[in-house]
Amino acid sequence: MHDSVGTGTRVQVGVRIFPTRQGERSVVHGDPDDNHVVVIDGEGTKGGSALKFDRVFTGSQEEVYDFVGRPMLKEAFEGFNVCLFAYGQTGTGKTYSLFGDLNDKTRCGIAPRFAQAMIEEGQRRMEADNRATIRFSLTMVEVYMEKVRDLLAPRVRGQEPEALEIHEDNQRRVYVKGAGIHPVLSLDRLMELLSIGNANRQKGETKMNETSSRSHAIIQLTISQQHESLETKDVESVAMLVDLAGSERQSKAESTGLAFEEAKKINQSLLMLGRALNSFSDRKGSDGFISLRASKLTRLLSESFGGNSKTWMLATVSPSASNLTETISTLEYAQNASAITNKVRVNEATGSDELKRLRECAVHLEEKLGSLGSERLKKQEELSKLIWERDSLRRSLASSDTQSNTNMNLVRAVNSIRLGNIALRRRVEAATKGCIASLDGRLATQYFKGKSSISAKSIMLGGRRSFTLGLLNDYGFLTEAKLHIQLFPCDPHAYAREDPMILVGESLRFCLNVVGAVGIPESCCAHVFCRFSMLFDNEERYFATRASTDTQTPRWNFVKLFEVPNLTEEIIRSFCERPIFTFEVFAFGME
């Protein structure tokens with residue numbers, strides 16, 4: 001992706017105060033006259049305090065979604081990365097705020113509401129522009145005991161889930177290698193995946209919460225928007241919804257054994273996150289860079305603090321006097337977060353404008369070819385008419401001398417039209433890459449055509465390969481000319497594989513680069529281009545490079561992106577065993 005110039009935007013912070021439990025004394029509440037203020041009552045002679053945030057909630061799930069989810073969705077469709085992370089003490093409602101009851105419209109949380117609105121907005125945009133393509137995909141992972149695990153990977157009873165590694169791509173963007181990327185075509189499928197991921201989270205019972213989440217969960221939704229029009233930019237954005245594990249004091253939680261070790265890891269990662277928030281809020285850029293690599297959690301959230309993301313924080317607190325220390329700690333986290341400014345950019349898809357221009361060029365050339373085809377048909381009709389007239393004259397002329405002279409004139413006319421058709425055929429072939437203007441007014445006396453084919457097996461095996469292809473003439477003999485091409489996968493997470501059948505059900509994106517050719521005959525090097533076709537679903541699709549002039553070693557570096565959705569065994573076998581790509585190199589010489 002290409003990122004446009006960034007602008008500063010502050011992290012938005014909302015505080016949600018959950019109801020007081022029976023028998024507890026409430027000392028924290030929202031200001032009834034100002035929904036931006038949290039009021040902390042004083043103790044004895046100590047005075048109270050009031051802290052200001054972007055919003056304070058004491059009400060419904062819908063109220064929280066309206067402040068966080070709606071603006072996040074709007075920004076995501078504009079091409080910005082967005083992130084929400086929920087932070088707070090164990091038992092204050094983080095998971096409830098984020099997930100809620102997935103089957104209850106009133107009690108469902110931010111994630112299911114965001115998912116439904118995202119699918120509906122995508123459908124609305126595609127109905128408004130029938131040439132737009134919008135795709136969604138979901139990845140869901142957890143950080144448990146400093147191990148990153150895929151929440152959507154199948155679970156095996158009695159076996160620990162695989163621990164995955166965090167990597168960076170060539171643009172320094174963080175991703176989890178091996179985490180599943182699940183294309184989403186419907187709301188039902190998206191809700192099913194969210195339910196599976198939430199059910200697979202590591203949970204445990206603590207004194208503070210009977211069903212406490214013992215891991216940090218990260219939902220990553222990718223929105224890809226493609227438009228055929230050059231006036232509309234193609235964009236790809238990522239929406240992250242993060243449910244952090246709850247913080248708690250060990251003296252209060254009274255954890256032992258595994259629960260104690262879990263709590264230590266949780267508190268350690270939250271401590272690193274707090275240091276990162278503090279360093280960024282104090283504008284200590286270099287310290288923040290170091291602290292973000294101090295734990296798996298902070299590394300995964302690195303774009304959300306000071307990076308390329310519009311970020312929201314939801315701080316959940318208890319109003320109870322017995323939890324006042326933890327509540328104040330959470331509010332300090334929230335204040336540090338609200339002082340962070342991120343530098344955000346619209347994420348424009350790489351090369352999308354060039355691809356659109358090539359598509360328009362292809363349409364223009366097809367129109368030209370259609371016009372030249374009509375002209376050729378007209379010439380053929382004239383030729384047929386002359387042949388008929390010649391045959392009629394041949395039958396009607398009695399004199400052998402007259403017949404001989406007439407035949408000679410007719411033969412000259414017929415040969416002239418045949419030569420015209422040969423030149424026209426060359427013009428049709430030349431028109432596929434804009435050579436027509438160069439050929440007009442000058443006769444192309446020399447002509448070369450070489451052909452070769454190749455399968456796409458290397459792509460199915462996940463490899464990046466370069467090929468040098470010998471070119472055959474129309475009689476099947478090998479010429480001295482050779483074509484250089486490259487085939488490579490476009491997915492930054494692509495890996496080598498021995499069995500391509502593991503791709504069944506997945507989508508495949510790869511690039512073909514027509515690098516250039518060598519050995520073009522010197523007499524035919526005035527204009528040289530390559531036309532190639534891809535055979536898929538028993539249908540050939542044609543593409544062409546630009547024309548190179550006056551060279552026996554043309555260099556095109558023509559890159560074409562292909563995407564094959566929903567791979568089947570038949571498609572994979574066809575790509576491995578059949579010549580999927582056919583290349584034709586055309587070269588013309590001029591008088």
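Including glycine, each Cβ sits where the backbone N, Cα and C put it.
Look at TrEMBL and you will find G88, Q89, T90, G91, T92, G93, K94, T95 tagged as ATP binding site. The domain 'Kinesin motor' annotation in TrEMBL covers 10-340.
What TrEMBL annotates, mapped onto the structure for a quick look.
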| residue | record | Cβ within 10 Å |
| --- | --- | --- |
| G88 | ATP binding site | 27 |
| Q89 | ATP binding site | 25 |
| T90 | ATP binding site | 24 |
| G91 | ATP binding site | 22 |
| T92 | ATP binding site | 28 |
| G93 | ATP binding site | 23 |
| K94 | ATP binding site | 26 |
| T95 | ATP binding site | 24 |
## Note on the structure
Model confidence for the domain 'Kinesin motor' (10-340), as mean pLDDT, reads 87
### Message
In the three-state scheme derived from DSSP, which category covers G88 (ATP binding site)?
### Response
strand
